[in-house]
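Taken from TrEMBL as is:
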DOMAIN    18-77  domain 'V-ATPase proteolipid subunit C-like'
DOMAIN    98-156  domain 'V-ATPase proteolipid subunit C-like'
TRANSMEM  12-36  transmembrane segment
TRANSMEM  57-77  transmembrane segment
TRANSMEM  97-119  transmembrane segment
TRANSMEM  131-156  transmembrane segment
Amino acid sequence: MASSTFSGDETAPFFGFLGAAAALVFSCMGAAYGTAKSGVGVASMGVMRPELVMKSIVPVVMAGVLGIYGLIIAVIISTGINPKAKSYYLFDGYAHLSSGLACGLAGLSAGMAIGIVGDAGVRANAQQPKLFVGMILILIFAEALALYGLIVGIILSSRAGQSRAD
C-alpha cells in the first residue's frame, strides 16, 4: 500500500541515486588508475632524470581532475532528488542514471587513456625532451573525453523533472 504523502514512482529515486553513485565511483576509478599508472612512470623516470620529476607530474594532476567531474555530477543529481518536495518519476530516475553513467564511464575511459599515455610519455620525455609537447597534447585530448561525459551528464541531468507537467 503506497503512502499518501508520496507522489511519483516509488522506485524512481533508486535509479537517481544509482546514477549519482555511478558518476562518482567510475570517475574516481578512472582517476585512480590514471594517477597510479602515471605515477609509476614518473617514479621510474625519476631514477634516470630526477630534475624532470616536477615537470612530469602533469598526467597525475590531469587524472586527479577526473574525480572532480564525477563529484560535480553526483552533487547535481543528488540535489535533484527530493520526492517529498516535487514528484519524482521513473523518467527522472532514468535521466539521472544515464547522466551518472555518461559522466562516470567517460571518466573511467579517460583515466585509462591518461594513465597509459602518461606512463609511456614521461618515460619517453626523459630520453627525448622534444616529446613533451606531443605528450601534453595527447593528454589534453584524453582529458577532453571526460569533459564530453561531464557536458552530456549535465544535459541529461537537466532533463529530469520534465517528464510531466505538475
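Note: Cβ is positioned from N, Cα and C throughout, glycine not excepted.
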Worksheet item: Could you give the mean pLDDT over the domain 'V-ATPase proteolipid subunit C-like' (98-156), rounded to a whole number?
Response: 95
Item to complete: Tally the residues of the domain 'V-ATPase proteolipid subunit C-like' (18-77) by DSSP class, grouping H, G and I as helix, E and B as strand, and everything else as coil.
Response: 57 helix, 0 strand, 3 coil
Worksheet entry | Counts by DSSP class (helix H/G/I, strand E/B, coil) across the domain 'V-ATPase proteolipid subunit C-like' (98-156) | 58 helix, 0 strand, 1 coil
